[in-house]
Amino acid sequence: MRTNTTATVLLAAAVALLLATAARGDGGDGGCGKEDAAAGRDRARARGLKIAAFFSILVCGALGCGLPSLGRHVPALRPDGDVFFLVKAFAAGVILATGFIHILPDAFDNLTDDCLPAGGPWKEFPFAGFGAMVGAIGTLVVDTLATGYFTRALSKKDAATAAAVADEEKQSAAATQQHNHHHNHHVVGDGGGGGEEHEGQVHVHTHATHGHAHGSSALVAAVGEDDKETTLRHRVISQVLELGIVVHSVIIGISLGASQNPETIKPLVVALSFHQMFEGMGLGGCIVQAKFKVRSIVTMVLFFCLTTPVGIAVGVGISSVYNESSPTALVVEGILNSVAAGILIYMALVDLLAEDFMNPRVQSKGKLQLGINLAMLAGAGLMSMLAKWA
């Protein structure tokens, strides 16, 4: 899993570099959109708001991502508790609305913008919808291939362990039989009738214990195997979900950091803080269920919390050359947004909502089933309302 974290870091760096390079305005762009952008410019006020956004988004992301981990200390928030299902459903609704309401419309706007060349293909084909479809299908492929790969690797490891245990049991059984054979001969030599009775007792006791041990081992092995597969599934889900979040978080951060209009930044600070917190709740829930080691948990949480703030810092650094209305920037941002939307929509519907909604615990409790439906609608509704400001 460390390889996946490294890949996520490299992806974030590549997205930031790509946007920074693509957003440089050049003479061929005709200064499209620069007049509107210059209307409310105020560098001093904008800088203060960006600093506030940096820390606000960082803290809210940490709070959201850390909330599910409180289950270790608060019984109500344990992964197998009803409250945890409600929190995850709410967060999944937020992620679903993020894909449908926030990111996908932005992708359509970018790829149909008036600043794009009139003779280009961008207005003749719905590239934003196509990108979302590719993102969803790509996530499905990665999801299934990764799960299959790690499941096969786990099965091979378990098979090797089982073979080693079987060999050890055979050797132990052979040693026990040899010991019993020697002991029985010694007893028979001391007295005929008593020796036969004692030998029978040893024989019955050995087989009863042997059968009991094998029955318990089989039960423990079956439960352990199921738990391993579930944990493995959650690990794949958390890694893929973080990949989708990273792509659009970098874009959001760079766009906010490059803006010089305080009236544009001000509502974004509040909206993105809530957005980061709710999204963090969804990711944090997956991380807790994945049962990562402490080092991996800290790495994933820190990376999630820092992605948007670092994007803001990058945006501030390139603000003097950044032109979000340049054709190249519009195309790159639109494609990345559409793919990110497809990833998040797939993850929310398939890996988060469908999995929890079909969970036997939820299916057996009518009130919990109603509760997670309402929680999902609340999360999607609140995130949709934020689209008015962000």
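Glycine is no exception: its Cβ is also placed from the backbone N, Cα and C atoms.
Annotation comment: Swiss-Prot describes 1-25 as signal peptide.
Swiss-Prot lists Asn4 (among others) with the feature N-linked glycosylation site.
The topological domain 'Extracellular' annotation in Swiss-Prot covers 26-50 (among others).
Feature annotation from Swiss-Prot assigns transmembrane segment to 51-71 (among others); the stated evidence is sequence analysis.
Taken residue by residue, the topological domain 'Cytoplasmic' (72-82) breaks down under DSSP into 5 helix, 0 strand, 6 coil. Per Swiss-Prot, topological domain 'Cytoplasmic' is recorded for 72-82 (among others), and the stated evidence type is sequence analysis.
Residues annotated as transmembrane segment in Swiss-Prot: 83-103 (among others). Listed by sequence, the residues of this chain that lie at least six past the ends of the transmembrane segment (83-103) yet keep a Cβ under 8 A from its Cβ atoms are 64, 67-68, 71, 76-77, 241, 248, 275, 278-279, 281-283, 285, 337-338, 340-345, 347-349, 352-353, 356, 359, 361-362, 368, 371-373, 375-384, 386-387, 390.
Counting residues per DSSP class in helix, strand and coil order gives 8 helix, 0 strand, 13 coil for the topological domain 'Extracellular' (104-124). Summarising the annotation, Swiss-Prot assigns topological domain 'Extracellular' to 104-124 (among others).
Per Swiss-Prot, N-linked glycosylation site is recorded for Asn110 (among others).
The list of residues near the transmembrane segment (125-145) in space but at least 6 beyond its ends in sequence, with Cβ under 8 angstroms from a Cβ of it, reads 104, 107-108, 110-112, 236-237, 240, 244, 334-335, 337-343, 345-347, 350-351. Annotated transmembrane segment per Swiss-Prot: 125-145 (among others), in sequence order, evidence recorded as sequence analysis.
Residues or ranges marked as topological domain 'Cytoplasmic' by Swiss-Prot on the basis of sequence analysis: 146-235 (among others).
The feature region 'Disordered' is assigned by Swiss-Prot to 165-199.
Long-range contacts of the transmembrane segment (236-256) within the same chain: residues 1, 4-5, 7-8, 11-12, 15-16, 19-20, 23, 50, 53, 95, 98, 103, 135, 139, 142-143, 146-147, 150, 265, 268, 272, 276, 279, 282-283, 286-287, 289-290, 292, 300, 303-304, 307-315, 318, 322, 324, 333, 336-337, 339-341, 343-344, 347, 351-352, each at least 6 residues beyond the stretch ends and with a Cβ under 8 Å from a Cβ of the stretch. Per Swiss-Prot, transmembrane segment is recorded for 236-256 (among others), and the stated evidence type is sequence analysis.
What Swiss-Prot records for 257-267 (among others) is topological domain 'Extracellular'. Assigned with DSSP, the residues of the topological domain 'Extracellular' (257-267) fall into helix, strand and coil as follows: 8 helix, 0 strand, 3 coil.
What Swiss-Prot records for 268-288 (among others) is transmembrane segment, and it gives sequence analysis as the kind of evidence. Sequence-distant contacts of the transmembrane segment (268-288), counting only residues of its own chain at least 6 positions beyond either end whose CB sits under 8 Å from a CB of the stretch, comprise 49, 52-53, 56-57, 60-69, 71, 79, 84, 87-88, 90-92, 94-95, 98, 102, 234, 237-238, 241-242, 245, 249, 252, 256, 297, 300-301, 304-305, 308, 348, 352, 379, 382-383, 386, 389-390.
Per Swiss-Prot, the feature topological domain 'Cytoplasmic' maps to 289-296 (among others).
Long-range contacts of the transmembrane segment (297-317) within its own chain (CB-CB distance under 8 A, at least 6 residues past either end) are made by residues 5, 8-9, 12, 16, 20, 47, 50, 53-55, 57-58, 61-62, 65-66, 69, 238, 242, 245-246, 249-259, 272, 276, 280, 283-284, 287. Positions annotated as transmembrane segment by Swiss-Prot, on the basis of sequence analysis: 297-317 (among others).
According to DSSP, Asn323 (N-linked glycosylation site) is assigned to coil rather than to any helix or strand. Between the alpha carbons (Cα) of Asn110 (N-linked glycosylation site) and Asn323 (N-linked glycosylation site) lies a span of roughly 13 Å.
Note on the topological domain 'Cytoplasmic' (351-369): DSSP counts are 15 helix, 0 strand, 4 coil.
Broken down by DSSP into helix, strand and coil, the topological domain 'Cytoplasmic' (289-296) contains 5 helix, 0 strand, 3 coil. Compared over the glycosylation sites Asn110, Asn323, the count of CB atoms lying within 10 A of a residue's CB peaks at Asn110.
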